[in-house]
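Visitor: I am attaching a structure below and will ask some questions about it afterwards.
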Amino acid sequence: RGEGQLLENFYANSCPNLESIVRQEVSTKFTQTFVTIPATLRLFFHDCFVEGCDASVLISSSSGDAEKDAKDNLSLAGDGFDTVIKAKQAVETQCPGVVSCADILALAAREVVVLAGGPTWEVELGRRDGLISQASRVTGNLPEPEFNLDQLNTLFARNNLTQLDMIALSGAHTLGFSHCDRFSSRIYSSPIDPTLDSSYAQQLMDACPQNVDPSIAINMDPETPRTFDNVYYQNLIGGKGLFSSDQVLNTEPDSEPTVSDFATNPGNFNAAFITAMRKLGRVGVKTGNEGMAVRTWLMILLLVFMMMQKGKGQLSETFYRTSCPKVESIVRKVVTEKINQTFVTIPATLRLFFHDCFVEGCDASVLISSPNGDAEKDAPDNLSLAGDGFDTVIKAKTEVEKSCPRVVSCADILTIATRDVIELAGGPSFKVELGRRDGLISKASSVTGNLPDPNFNLTQLNTMFAKNNLTQTDMIALSGAHTVGFSHCSRFANRLYSFSPSSPVDPDLDPTYAQQLMQACPQNVDPRIAINMDPATPQTFDNMYFQNLVTKKGLFTSDEVLFTNKASQATVIDFANNPGDFSGAFVTAIRKLGRVGVKTGNAGQIRVDCTAFNS
């Protein structure tokens, strides 16, 4: 009954480019973080097994009682949600009000399998989005890591999936990760689970010692965790299934022959996986007049997104090709000279750019000086901005004016300088979009509430960044800029001396690191004393910041929460292990940051003096 009238060519006339649009968005997201792949695939499975494949898992509730808020769904990585939302936004620009979120999720699940080296298949389409999303309806509808074969078969059979389908879908565990608390009973019970290979059990103990933070995660496939292949089944034969519900597939006589077949014949596994995924995609679907084609909540989100996009204007990488062709080389020369004078130029310029964009948009309003002390730079949150950042932009503007008077904005010079300090610190290079104009408003009162606080939690961080059209992945990537720079003792002293009545020191701080911080910042020390934010490589733009978070060496609460919160932890681990993933995501995020609230065309002005509005 639930299969309705799904068709492979459902959108052939109404949205013919649908699949290529989704493929492009998924590919872009994948280049930012590998977590996109397991996160999207798992999101599809969790969606289909509760209310059917109707995108009910995507709903957000202000009361915290939607499907995604259920305990079993709290570990769903945010990159899966972000993938679908981005794809939906792109689809809406070409086919407004036509394609359901459920179909986009089904297509995205296919795309991530292909990107990971797995098989492709034709996706049946025509689902409509569900009207129910309740946390209470999740319980009992998702498999547990301790399930035996009978429990697995019973749960899958309720969704019209056979034992063969179940074993094939379990092969998706060749990708992704799991938290220690999901399998710790296998390695710390007495005796250790005898179906576990002894060497593998020791590896798990080393990675997940007793009493470790249960949110620590490890790869589910210890051999090829980034490739969709049949090694999962080979692992089962070798006693290296992470969950009991994985290993039981090989230890039970009824399922063992299928495991052996898939381990030996990747073609058989791929074929069975395709069949199972197509059947999974039919579970409980809404079609015809059921549900809704386009959710109201997502349309509202899209309208907000489009309003934000208005600020992007006509930025172009070649904006000054004719009017000031040497602008980038001029700025680079000044920045290089300034760095030779002081390393502080690097973090100071980078932080100045961020603080500018998050208040009035990227319009150099933070550079304005006021004799009344009421400009943006005079706000309490901006008083710690180092003077070397301002000096870098002012010097660069002076040099640019000699070659191209009244042509290049201070906002664009700050943007170029930011790219240059990143590259000169060892970070990635990237093309800078140009064409901003300088703002006409600079008020200290506008700053309050627009910059992240060092004590922010993940929700507060995501909310603030989302206001600027930046995703959680963008936020985590941009936080990686804390790999350079410093902070004053007063910004984190509460983590050392007054965290809570029961624990003066934040338990999320590594004890040795906490002691180092206390020695550098004793109680009642001058609060202006500053220390490096990255205790390992403070003068190199690298992924060490994320490695620090994994070992509880994040300086701010708002840093460490990126690792302690399960919704963001996977991205931190990915960036800690894969510098290329971090660099790619950072470039994407910093380019997006540079589009926030920009003035173009006839808006604003081109200042002659970056510190003063034109008279």
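Using N, Cα and C of the backbone, Cβ positions are placed for all residues, glycine too.
Just so you know, TrEMBL annotations are computer predictions that nobody has curated.
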Visitor: If you check TrEMBL, which of Cys208, Cys324, Cys521, Cys610 bonds to Cys410 via a disulphide?
Guide: Cys610
Visitor: State the disulphide partner of Cys404 as given in TrEMBL, choosing from Cys324, Cys489, Cys521.
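Guide: Answer per TrEMBL: Cys324.
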Visitor: On a C-alpha basis, identify the one among His355, Asp356, Glu376, His482, Cys489 that is nearest to Asp542 (Ca(2+) 2 binding site); the candidates are the recorded positions.
Guide: His482
Visitor: Report, in whole Å, the straight Cα-to-Cα distance of His355 (active site, proton acceptor) from Glu376 (Ca(2+) 1 binding site).
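Guide: If we compare the Cα positions of Glu376 (Ca(2+) 1 binding site) and His355 (active site, proton acceptor), the gap is 10 Å.
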Visitor: Could you check which of the recorded positions Cys362, Pro452, Cys610 is the closest Cα neighbour of Thr537 (Ca(2+) 2 binding site)?
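Guide: Of the recorded positions Cys362, Pro452, Cys610, Pro452 has its Cα closest to that of Thr537 (Ca(2+) 2 binding site).
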Visitor: Write down the Cα-Cα distance for Asp534 (Ca(2+) 2 binding site) and Asp356 (Ca(2+) 1 binding site), rounded and given in Å.
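Guide: A Cα-Cα distance of 23 Å.
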Visitor: Determine, for the Ca(2+) 2 site, the additional residues of the same chain whose CB lies within 8 Å of the mean position of the CB atoms of Thr483, Asp534, Thr537, Asp542; present them in sequence order.
Guide: Val484, Ala536, Pro538, Gln539, Thr540, Phe541, Asn543, Met544, Tyr545, Asn548
Visitor: Out of Val359, Gly361, Cys404, the recorded positions in the record, which is closest to Cys521 (disulfide bond) when you go by Cα distance?
Guide: Val359
Visitor: Determine the minimum-neighbour residue: among Asp356, Asp363, Asp534, Asp542, listed as binding-site residues, which Cβ has the fewest other Cβ atoms within 10 angstroms?
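Guide: Across Asp356, Asp363, Asp534, Asp542, these binding-site residues, the one with fewest Cβ atoms within 10 Å is Asp542.
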Visitor: Across the domain 'Plant heme peroxidase family profile' (314-614), what does the mean pLDDT come to, as a whole number?
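Guide: A mean pLDDT of 93 is what the predicted model shows over the domain 'Plant heme peroxidase family profile' (314-614).
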Visitor: Cα-Cα, whole number of Å: Asp534 (Ca(2+) 2 binding site) versus His482 (heme b binding site)?
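Guide: Just about 7 Å between their Cα atoms.
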